[in-house]
Amino acid sequence: MSYDEMLSAAKKAVSLAARLSNEVRKSLLVSDVWNKSDDSPVTVADYGSQAVVSLVLERELLNEPVSLVAEEDSGELRKIAAETVLARITELVKDTLASDESYAASPLSSDDVLNAIDRGKSEGGPMGRHWILDPIGGTRGFIRGEQYAIGLALLVDGKVVLGVMACPKLPLASTAGNTLKSLPEKVGCLFYGSVGNGTYVQSLSVDSPPVKVEVSSIDDPAKASFFESYHTPVPIHNTIATKLGIKESPIKINSQTKYAALSRGDGEVYLRFTRKARPESIWNHAAGSIIVSEAGGKVTDAAGNPLDFSKGKYLDYKRGIVVTTQKLLPRLLIAVRESIKEEEVEEEKAASLKLH
């Protein structure tokens, strides 16, 4: 199949998964949410979204083998041992697929749903074709009724070649200059991009022509704004921003929605550093990375290297992730390098004091 056909299948899969998530969000039940063994939250929408994407890809790609690298698996779902939860997920998936005329007559059992979820157990890697799925990125945001995203990307021989992202709570109009707190009435965006073809956005809810998007043209770092996740403040983010002369507070957004917002110029910098070194799952960045790069932006690690998605479920990268425009990247990387060095010096001083 051509990349255009695969992109069409991916758009359909993500749009239907977004429809399911919206239905869950309309009347989120206490029983729809629980914590996994690692203490992270998960919902029926996470599992339902993954099942929908898996099933749609299987059918749209003419029953070709689908290698899917995804966040969830049925192990956690089986642990809660609640037949009512599995039945609810199955009904959500059935109703969502039935909303598309081509799937209306397709029977679906709970076992079908579990098998569809478990198709996401692929390890990915440097060879072959692998789909990378974040079924509900920003689950905490989803639970709170804030920003979340559904991201799907295609990895071919270790390179991301296309990506689709649904942002059901993101305004259709650009939010440049505000903090996403006062949202316009028209929300729900579908972003997509493929190698050499640019990035586009269209409405999730109504049939509308796609609009090509590009990153911000701001070339003065002092006028830039930056995104970061909702989490305990990461001191190095503020250090980097100060070195660039950025005075505005960071725009807090859950999930890969930050990539989408940056791709259309809502902000200029997204920093992803953590207090402690930890692996980054490829599904948290795959779709976003190509959406930004095809909009004219740059996605690198702290050393300025492109992100490497070819090593399996986790990124091969150095220290942090930097997302910005081509104009701002050189100065941003200098600020990153200086900030890391200063942090290392402080850590050495602290360690020395402990020894004495």
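Yeah, the Cβs are placed from backbone N, Cα and C, and that goes for glycine too.
Database features (TrEMBL):
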type    : residues              : note
BINDING : Glu71, Asp134, Ile136 : Mg(2+) binding site
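Taking the mean position of the Cβ atoms of Glu71, Asp134, Ile136 as the Mg(2+) site, the remaining same-chain residues with a Cβ inside 8 Å of that point are Asp46, Ser49, Gln50, Ala70, Glu72, Leu133, Pro135, Gly137, Thr139, Ile150, Gly151, Trp283, Asn284. Of all the Cβ atoms in the protein chains shown, 31 others lie within 10 Å of the Cβ of Asp134 (Mg(2+) binding site). For Glu71 (Mg(2+) binding site), the same-chain residues that are 6 or more apart in sequence and have a Cβ closer than 8 Å to its Cβ are Asp46, Gln50, Gly120, Leu133, Asp134, Pro135, Ser281, Trp283. Counting every protein chain shown, 29 other Cβ atoms lie within 10 Å of the Cβ of Ile136 (Mg(2+) binding site).
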